[in-house]
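Here the structure is laid out as structure tokens; the discussion comes afterwards.
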Amino acid sequence: MHDSVALRCHHVSAGASPTFATKNIPAARTRMLLATVGSLEERDEEQEDEGEEELRDGGVPFYVNRSGFPVDEETWERMWRHVARIHPSSEALMKEIRGATDLPKIPIPSVPTYQPTTTIPQRLEAIQKYIRELQYNHTGTQFFEIKKSRPLTALMDIAKEMTREALPIKCLEAVILGIYLTNSMPGVERFPLSFKSQFSGNHFHHIVLGVHSGGRFGALGMSRREDLMFKPLEFRTLMDLVQEFEGAYRGYWHTLRKVKIGQYVSHDPHSVEQIEWKHSILDVDKLTKEELRKELERHTRDMRLKIGKPAPPSPTKDRRNSMGSPLRGPGSPMRRISRVERRPSGDKKVLEQKSSTDMNGYQIRV
């Protein structure tokens, strides 16, 4: 556990009281409500706009802890103020939680370990189980700042911090953690797979870590929806995997608008490469099924071609030390602009009118 401020959130099912335990924080030991599920919940966010302190998706804001660990006083109090705004019984609940002195000790999940005979599918299931045990972060404050433009080695440092702090996470954090936990599995290729969906006039973003091994595709991730994160390693093609997620979105009355697929991620935890998040950007609602299939087959070929390409050398130990911690360093490298982004023709945006079935602004979050 972190030797200064150690935070631990524990989210339980709807109807029960979530808890939030802390150590060495001005309010001493406290419990924290992680907000109710349903219409009050925050949404998964890709953090496209990394410069905004308050990020939004589907019209719902959330904050990012940019101070690293230990969490500073300003970020801590801002989190509580945000909870107070979004919870209907905030005043009474905050008094009850922040004044509590009899909090139970919450177990910290153990990073999975394997026997030599453990199969790849079993290892992926163990990783997903660990991610689930960390639990989804409903506080409205993302605890780990993920800047997509950072080199892989810096993002892996953040993943290590996730395992030390054992705090609830959101979808983008789960992708970074999934990469870290599969780095020692050379037979498993990993790639980012993100989605943009629409419901009741608002757009929602989500991301998972696609995996490929033994000729089959699957996924690791975190979501408040069980069928929008883990997918076992059993899908023959990337098309089959995408269609599986699209069907899950339909189950929540969401229309899938875009799918963004990155390239395979290096297994070298010290690589200075940046993750290629959007090698292909597909407007699902503008493509026929056959066109989508061909685009996904093309992307699969592109990913396979990258396997044979040598990666740039890792930095020396001295250079890695000079880079500093990603949570405490002076800044991030510039986002590269040379990546290949493939878009189908006719990508002009059209303003969409809300239908009469938008349920009076009610939002189903995914």
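Even glycines carry a Cβ here, placed using N, Cα and C.
Keep in mind it's a predicted model, so treat the numbers as computed, not measured.
Going by TrEMBL, these are the annotated features:
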| type | residues | note |
| --- | --- | --- |
| REGION | 40-59 | region 'Disordered' |
| COMPBIAS | 42-55 | compositional bias 'Acidic residues' |
| ACT_SITE | C171 | active site |
| ACT_SITE | H206 | active site |
| ACT_SITE | S223 | active site |
| REGION | 298-366 | region 'Disordered' |
| COMPBIAS | 338-352 | compositional bias 'Basic and acidic residues' |
State the count of C-beta atoms found within 10 angstroms of the C-beta of S223 (active site), not counting that atom itself.
20
Integer Cα-Cα distance in angstrom, H206 (active site) to C171 (active site):
7
I'm trying to understand the geometry here, so how far is the Cα atom of S223 (active site) from the Cα atom of C171 (active site), in Å to the nearest whole number?
6
